[in-house]
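Annotation source TrEMBL lists ATP binding site at Gly15, Lys16, Gly17, Gly18, Val19, Gly20, Lys21, Ser22. Positions annotated as [4Fe-4S] cluster binding site by TrEMBL: Cys199, Cys202. Among the features that TrEMBL reports, region 'Disordered' is placed at 249-271.
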Amino acid sequence: MSLTKVKHIVLVLSGKGGVGKSSVTTQLALSLSLAGHSVGVLDVDLTGPSIPRMFGIEDAKVTQAPGGWLPITVHEADPSAGIGSLRVMSLGFLLPKRGDAVVWRGPKKTAMVRQFLSDVFWDETDYLLIDTPPGTSDEHISLAENLMQKARPGQLAGAVVVTTPQAVATADVRKELNFCTKTNIRVLGVVENMCGFVCPNCSECTNIFMSGGGEVMANDFGVPFLGRIPIDPQFLVLIETGKRPTYPAGTMVDGKDVSTPAGASGTEEEGVKDGSMLVHKYKDCSLAPIFSKITADVISAVQQ
C-alpha cells in the first residue's frame, strides 16, 4: 500500500448530501497545516470531486510515477511559520474537463477506490483526510474493507461525521453513525455545519437552519460533539476568488469579534492582487478559530 508513510487516516463522512463535507475537509486540512502538521487530502467522491476546486488547483495535472501517481502539492511546509505541507489527490485531476460526468457502475468505483489507496505515493504525512461521497454505498464499503485489511493497527484513526442541524439531515446522518458501528470505525466526533449565517453586510449571525440537531444526535450515540460551524459567505469568496476575507465592524461569530481592523489590508481590490497562499488568507476567515478548536479536539482524540 502507498500509505506506509501516513501516520493517521481520518475519514470525513455523512449519510446526507449537501451538508458540506468537502468544505469541512478543506478547513480541517488548512487548520492541521496551520498547526504544523503535514497533511494529505484524498477525494473519493468519484462522481462529484470538488476538492480540486476548494483548493483552487483545478488546472493541476497529476504526475505519473513508476507504479502510481504523485499527489498535487497545494503548498510546501514552512517550518519558520509553523506551517505543514499540504497535498491533494482527486479523480477531478484525471478528468479531461471539469464538467465531464463520471458514469460508473459499482465495480469500477470499487476498483478506483482501491487504486487510490494503493497507487498514490504520499510522502511523510501526519494526517490523511479522506473526503467521501454521501451515503453508505460502494465507495464506503470498499474504503472500509481495504483500510481494515491493509492499514496498520491504529493507522485508521477514525471518522469525523458532518451534519446540518435540521431533522431531515440528522435522520440520514444517523445511518452513517450506524455504518461506523457495523464496520468498527471509531467516530472521532460530530460537526454541525451550516449552523447560523454570517451576514456580509451587517454584524448579525442568524440560525436560518435552526441549531442543536447535531449535538442532540451526538449525545444520542454517545460520541463527541466537536462544534457548530456557521455559513460564512466570506469563506466562499476566498475559495472562489482568492480574496482575503473581510468583515464589517461589530461582526460576532461564536462569541468573538471578527471585524476587520480599520485600515487593514484585504479590501476587494487588494484581495484580487493578494498573492498570498490560501493557508495564510484562511487565517483571516471567521471560521478559522472555530476549526482551530475542532482540529485540536480531533488531534486529541486521535492521540488517545
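Cβ atoms here come from the backbone N, Cα and C positions, even for glycine.
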Alpha-carbon spacing, Gly20 (ATP binding site) to Cys199 ([4Fe-4S] cluster binding site), which is rounded to whole Å: 19
Chain-mates of Gly15, Lys16, Gly17, Gly18, Val19, Gly20, Lys21, Ser22 with C-beta within 8 Å of site centroid, ATP: Ser14, Pro134, Val162, Thr164, Asn193
Rounded inter-Cα distance in Å - Cys202 ([4Fe-4S] cluster binding site), Gly17 (ATP binding site): 30
Least buried by Cβ count (within 10 Å) of the binding-site residues Cys199, Cys202: Cys202
Inter-residue Cα distance where the pair is Cys199 ([4Fe-4S] cluster binding site) and Gly15 (ATP binding site), in Å: 28
Cys199 ([4Fe-4S] cluster binding site) versus Gly18 (ATP binding site) - Cα distance in angstrom: 21
Cα-Cα distance linking Val19 (ATP binding site) and Cys199 ([4Fe-4S] cluster binding site), given in Å to the nearest integer: 19
Entry from the binding-site residues list Gly15, Gly17, Gly18, Gly20 having the most other CB atoms no farther than 10 A: Gly15
Densest Cβ neighbourhood among Lys16, Lys21 (binding-site residues), 10 Å radius: Lys21
Among Val19, Ser22 [binding-site residues], residue with fewest other Cβ within 10 Å: Ser22
